[in-house]
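My questions will all concern the structure given below.
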Amino acid sequence: MKEIERRCLRALIGIVQNIYDQMKAGQVPELHIATRTKYNIEFNEESEVWVYGDRKSVRSAKTVKGAYRILKMTYVIGFLKEQLNLNKSSTLRELYYISEGWGAAKFEEQPESDRLVEDLEILTNFQREHFHIRPEEDGATVIGPLRVREETRRGVREIHCQDDVGEGGYQIPVNVDKIEFVDHDAKFVIAIETGGMRDRLVENGFDEKYDAIIVHLKGQPARSTRRLLRRLNTELNLPVVVFTDGDPWSYRIFASVAYGSIKSAHLSEYLATPAAQFVGIRPTDIVKYDLPADKLTEEDIKALNAILTDPRFDSEFWKKEVNLQLEINKKSEQQALAKYGLDYVTDVYLPERLSELGVI
């Protein structure tokens, strides 16, 4: 067992020890965990990311619901202890199904077990990967002038993310910290929400023309994708820009990359890239380019109003853009730029926006 895994195991056992000590002292056991809401995140000046504040939620056995939560946590810790000792791993989905045999500690649905794993991350200051818990989702793909070194079952190999891959690109592994950056000729990184737009840039040779590393986000990005973007920015000193659809859900995708997500604010210093810049699609672009658009739904309007009270978006840029979007009552997709031809996005829109941002 690696040293970091030994420390992780000690931290997990420490939680159970704390519960036991409270019960031995005749106390009702309880745990205090950071509240995971937008009202409990604060800006860390040193790391420039959003992290949890001082508000705590109490998991107490005083209530039946609280007692079940603590019971389920002890079962999960017991499972993780065995898994670490055997050097095995499991997925979040497998953990949910394994609980079928735990009687009263069985999870009713997977989101419940997922949240409990997040609780353990917060309580121990370790990541789920240190518990040997893997996500279901794959990491996204990368294509561009970057050479990486990775360990495989057959040993160490080097891969050039342009020359040694097909149009699908290089698959980002679950544990990004296991890959090493060997060298690169890149000038910036562009993270793209949709597969269709990612394919358009690749087909048009955008990565070659502008020495860009293209990262496909696949919608809301996996942790591995966000970790890769942070490493490319901090270790290789490459500017990172994010290109999404023009709707509130896509702005949240940008926020998870740049500021850190509310759900995983305990990992913001590891996953977030505060230097990341938003390319578009902006509401300003919808008006400026007269893009094909859909009317905002009630859910869209509700989400936009929520953004106006989200501290991560507390800037003049976002206030102006969100208020404009509410005013025009429209949203547009990235691919709406095809109104002006398939090459417009790579020949006109992106060069103009990247020049405005000082990237090219």
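Keep in mind that glycine also has a Cβ here, set from the backbone N, Cα and C atoms.
Relevant sequence annotations retrieved from Swiss-Prot are reproduced here:
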{"type": "ACT_SITE", "residues": "TYR97", "note": "active site, O-(5'-phospho-DNA)-tyrosine intermediate"}
{"type": "BINDING", "residues": "GLU193, ASP245", "note": "Mg(2+) binding site"}
{"type": "DOMAIN", "residues": "3-140", "note": "domain 'Topo IIA-type catalytic'"}
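Walk me through where these features lie, including what they touch and how far apart they are.
Secondary structure at TYR97 (active site, O-(5'-phospho-DNA)-tyrosine intermediate), as computed by DSSP, is helix.
Taken residue by residue with DSSP, GLU193 (Mg(2+) binding site) is part of neither helix nor strand, so it is coil. Around GLU193 (Mg(2+) binding site), the same-chain residues six or more apart in sequence whose CB sits under 8 Å from its CB are LEU217, GLY219, VAL242, PHE243, THR244, ASP245, SER250, ILE253, GLN334, listed in sequence order.
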Across the domain 'Topo IIA-type catalytic' (3-140), what are the DSSP residue counts per state (helix, strand, coil)?
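Counting residues per DSSP class in the domain 'Topo IIA-type catalytic' (3-140), I get 79 helix, 22 strand, 37 coil.
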Taking the domain 'Topo IIA-type catalytic' (3-140) alone, what is its mean pLDDT?
90
